[in-house]
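Enquirer: Could you have a look at this structure, given as structure tokens, before my questions?
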Amino acid sequence: MAGERQHYYGKHGTPQKYDPAFKGPIYNRGCTDIICCVFLLLAIVGYVAVGIIAWTHGDPRKVIYPTDSRGEFCGQKGTKNANKPYLFYFNIVKCASPLVLLEFQCPTPQICVEKCPNRYLTYLNAHKSQDFEYYKQFCVPGFKNNKGVAEVLRDGDCPAVLTPSKPLAQRCFPAIHTHKGVLMVGNETTYEDGLGARKNITELVEGAKKANGVLEARQLAMRIFEDYTVSWYWIVIGLVIAMVISLLFIVLLRFLAGIMVWVMIVMVILVLGYGIFHCYMEYARLRGEAGSDISLVDLGFQTDLRVYLHLRQTWMAFMIILSILEVIIILLLIFLRKRILIAIALIKEASRAVGYVMCSLLYPLVTFFLLCLCIAYWASTAIFLSTSNEAVYKIFSDTACSVAGKTCNPETFPSSNESRLCPGAYCQFAFYGGESNYHRALLGLQIFNVFMFFWLANFVLALGQVTLAGAFASYYWALNKPDDLPAFPLFSAFGRALRYHTGSLAFGALILAIVQIIRVMLEYLDQRLKAAENKFAKFLMTCLKCCFWCLEKFIKFLNRNAYIMIAIYGTNFCTSARNAFFLLMRNIIRVAVLDKVTDFLFLLGKLLIVGSVGILAFFFFTHRIRIVQDTAPPLNYYWVPILTVIIGSYLIAHGFFSVYGMCVDTLFLCFCEDLERNDGSQERPYFMSPELRDILLKGSAEEGKRADVEE
């Protein structure tokens, strides 16, 4: 047995030796991973340079205000379009192109108009009728009716069709709605075509059917935006309630850790039980109601999600999902009941540590603020880069022409040499971009912008983890708690992390950022390959996405423990990652028993907070309860504020519990180190508290005996 244990330790590094001088986080340390620190500083300088260049060339007004194909703003004073406030798209269907997400422009000719079209007309019917004067205002400025129909449509001088539209954000969008289950464009009236035949407006749907998906999505977005405008203050109130509940839960966890954990477990079971009961009552209420037995498959996708709540099958699905979740949690609690007692002891010790370093509960606000800065800089730079493109015009010709394909200026082209060389050529809008080196490098700059966002965001998270780990490690390695605890442990750990380990944090964040940018590229390629029918390519892409997802999770786990070792010993990233990995491997049973069980308990705590706030939001926004005399505002989709409150509550609860999670992970690694360094004698006493020692060592002994029996 001794030989096997020695072989095991040889495979997973050398256990720590007793060091009488070791008293916790080392203060006399040097800078680590200086090269990575230099690279990070150079990258930040380059990132700032990219931002300055983008801000110089970009114009975010292109996103806020509409611009025509010539790059001129609509409705802006001092321009020739001052009396034309609305933007009209020749072919709205092209706005569904993925290019819109990168360029913030639809790849179709666009002009400024005084008002949006209010009738259905085709150019074929209008060009030789009394409607042409009306139709002409939606053609390019200066258009004259001296070409054939095919030439006009080919040259992009006029749109092929006009549909009744309504202005939204100063842009004209077809007024599509449903009437008695039929998709309609405009009002249910009739129009007279150029041949004198009268037709019902419902026939216009055929002309706009390709744009249905885009228009329904825009209509859905409009309704969601309206819901946010009337319910935002109630959403804020819900998030404040979630923050108060999370803070109260954490404070109670500090003084009543054992009781709170069991209360948390029971409450989660009760909340899920109520969810199952509510789903069954709704399922029973819909029995016999007309249309409630329609299946989800037959109904298909509907933008109005409230429709699904009138189906019995929907509530049956909810009930099954909640029941499965309830059974899984109960079974886990039954099989992990002894391990839960050990995990509770670790949570109690973490509560004491948090109690002595109370300012650690506020540190997530620092991380949140720094992440907001990263997101704001990335978003603003992305917008400025995307709006750096210019309208590019190319020379087109139906006959052989030496200058065809070259750039041109539509205002000066009629009198230019190119026009004389090719009399049949014309200057037409081609795309949004540019011919300069800057415009050719825009895609690379956008990728660099995303990569730097990942790098800096991961660096901010790493800084928070090292800071919290250093503070909690100072608590653990204080022999006489709290007398030996240093003053301001959180600020000391923050200063050490920035002064000595910026390079190590940058190194770990860089590795993670590389994996994340690869995952983004794989997602992009997957979207591009969706139209392909190559099954092998889809299978390979799925495997790659799965592998890199697993790799990202493993790197996050390894980085987290490496940062703890950096906070304690001040070693470089690679050494810390290796020592942390080997330490965990030497205590793999304890990792499974303690670390993951505590993560499970914290997850239950998050679910309890989210479930409580979510149920309250559900009853409020569905008008089932009232607060004093105020009631929920009328909404298009009541699930919009409910989902927002639920997601926001989870993020808030995660922020508070992340402090406890980091504390537990730090104490766990320190506990493993303590067992290897000391033996509990007077000469080599344990640094852990007596309560923690009794429970953890007893649990470890039981696991060791069980392992020996299995061997």
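Quick reminder: no glycine exception, Cβ is built from N, Cα and C everywhere.
Automated prediction, rather than curation, is the source of TrEMBL annotations.
The transmembrane segment annotation in TrEMBL covers 32-55, 232-253, 259-277, 315-335, 355-379, 450-478, 498-522, 562-581, 601-623, 635-657.
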Enquirer: Can you work out which residues elsewhere in the same chain, 6+ from the ends of the transmembrane segment (562-581), have a Cβ less than 8 Å from its Cβ atoms?
Expert: 13, 24-26, 29-30, 32-33, 36, 462, 465-467, 469-470, 473, 477, 493, 496-497, 500-501, 503-505, 507-508, 665-666, 669-670, 673
Enquirer: What stretch of 32-55, 315-335, 498-522, 601-623, 635-657 shows the most Cβ pairs under 8 Å to the transmembrane segment (259-277)?
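Expert: Most Cβ pairs under 8 Å with the transmembrane segment (259-277) come from 601-623.
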Enquirer: Using a Cβ cut-off of under 8 Å, list the residues of the same chain at least 6 residues beyond the transmembrane segment (315-335) that approach it.
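Expert: The answer is 265, 268-269, 272-273, 275-276, 279-280, 282-283, 286, 296, 309, 600, 604.
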Enquirer: When you scan the chain for residues with a C-beta under 8 Å from the transmembrane segment (355-379), skipping those not six or more beyond its ends, what do you find?
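Expert: Distant Cβ neighbours of the transmembrane segment (355-379) are 51, 247, 250, 254, 449-450, 452-453, 456-457, 460-461, 463-464, 467-468, 471-472, 475, 481-482, 485, 489-490, 655-656, 658-659, 663.
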Enquirer: Given the transmembrane segment (32-55), which of the listed stretches 232-253, 450-478, 601-623, 635-657 has the most Cβ pairs that are under 8 Å apart from it?
Expert: 450-478
Enquirer: Below 8 Å between Cβ atoms, which of the listed ranges 232-253, 450-478, 635-657 makes the most pairs with the transmembrane segment (601-623)?
Expert: 635-657
Enquirer: For the transmembrane segment (635-657), could you work out the same-chain residues 6 or more beyond its ends whose Cβ comes under 8 Å from its Cβ atoms?
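Expert: Long-range Cβ neighbours of the transmembrane segment (635-657): 223-224, 226-228, 230-231, 234-235, 238-239, 242-243, 246-247, 249-250, 304-306, 361, 364, 368, 602, 605-606, 609-610, 613-614, 617-618, 621-622.
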